[in-house]
Amino acid sequence: MRPVSGLPLRQIITAAGFLMLAGCASQPAPKPVAASSVPAATAHPSTVPANAPEPADEAEAAPAPDADVVRRDYVPHEWPDPGRDLWSAIRHDFALDPNSERRSVRAWTQFYATHNDHLDASLSRAQPFLWHVVQQIEARHMPGEIALLPIVESGYNPAAKSYAGASGMWQFMPGTADHMDLTRDWWYDGRNDPIASTDAALNYLQSLNNRYDGNWLLALAAYNAGPGRVDRAIERADREGISTAYWDLELPEETREYVPQLLALRRIMMNPARFGVSWPALANTPRTRVVALPAQTDMQIAADMLDMSEDDLRRLNPGLRRWASDPNHETRLLVPSTKAAAFESRLSQINPRKLVDSAEHTVRRGDSLSRIAQAYDVSVASLRQANNIRGSRIRTGQHLTIPRPGSPARTTQDVPSQNYVVQSGDTLWHIAQRYNVSVASLKAANGNGLSTLRIGQTIDIPGAARPPAPTTYVVEQGDTLWSIARANEVAVADLRRWNRMPAGSTLSPGTTIALDGPSELPNFYQVEPGDSLWSIADRFSMQIATLRSLNNMSAQSTIQPGERLRLQPAVSS
């Protein structure tokens, strides 16, 4: 697989004496420590018994390249039981020869130990997918170290793309993906599907391991450089009568650094405290579950049914390339485990036709894409995308899918613009929700000068807005919270909060429920034990990105119990 250009792992670290990978097998990357400083070794076995003790580092005349990160006075890391902790389960299945005495392994140990930001980000990105990866590795009786390979490949990013054309957390090139039967089409790219790509990557690694008679180091080298290059290196070594071990083959420089990176991660994980690394605990339970969609499904509708943002859902499913799933093939969606059962229940209760927020238009004489797009208040680009149209040619009688909103839109002349006087506790979000417009359109209608609100300020509500929505609803037979939320364009989480309904509550026909809540959103929220940005954003019907922006937080920022988070911009009086 080709590494990803632009990752922190590919930067040049001159101060530490490191030179990073260049990013493509066709452009060999220099090693952190020159290979010439390492004498040729005899062949090593590629595997050792699981959990065999790591050999002590050999004494060397020159300082080891990791000497400044090895701690002599440390408390060994206490690993939980493998049945309870996922990282412990991986460590329990370690089987590769560590080769920790090699300077290249030590050099990469130095890199990872001194670049905790890269390692921490990789371990965090792995969490939604790692359980599924480990399950497949264990089922195939493969070395546990393979679960760490996506850290080397992509930083465990399933959306990663390299300039060379590799994609996904396993960094499949298009040709290899096709060879491994990973679907790539207009709707979907299996290379970016965490589950499908893992299955394909492990199949490929197993086939390479069989090719090299159980030698995992050669299999890993072939995964990086391609089996043809490894085969030629072995043939050349045979002709010259020298060792055909991975460490002694004449391979591209990037490939000579590939296995040491993985072994360095293994070395750190065997005893992270020794290198000053804090390895997180992770329960040996799935963070996500796979749910089969019964029909083509709009990703925004799926996100609404899951009570999460479309952006968060797409981060779990980067293999889905369009606004909806493929209408012609079954799609399996990765969703948070805590939401999977409720999602499956809602899917079983809904008419499949309602899973796509679209309409169908039959092309008439004189129609054009721009005229149809204008009639339905959608862009020409979205119309092309929904129907896989490359140019502008359409034919009379052709059926076109019209993506959101799915019915001919009213023009701005249909509904007059309105004014609104800002009240105490108002936020742009609440005003936008009340009048069924977006925050962006509110800002645009007011000259983008609404970064803060003043009590008594008069603002314009865009003309395409609808009148204020009703504030109550009488439950009818067959209603569910989700159907009511969808019909009234509010979030299920809001309905529960406004009506003080815990999860699992049932509705009784004739009950009156509130469709709106108090306008006051707290200015601040104090983080409680067990909170996450996701749970806080869900509780207050906010986007995680908004919460981060209000609190100047990066994607890697963490929260601590007792911390105060801002929930809305200050309103000046």
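Cβ coordinates come from backbone N, Cα and C, glycine included.
The stretch that TrEMBL tags with region 'Disordered', taken from the ranges 30-66, 67-103, 178-214, 437-473, is 30-66. Per DSSP, the secondary structure of the domain 'LysM' (359-402) breaks down as 16 helix, 8 strand, 20 coil.
Using DSSP to sort the residues of the domain 'LysM' (523-567) gives these counts of helix, strand and coil: 14 helix, 6 strand, 25 coil. Mean pLDDT for the domain 'LysM' (523-567) in this predicted model: 77.
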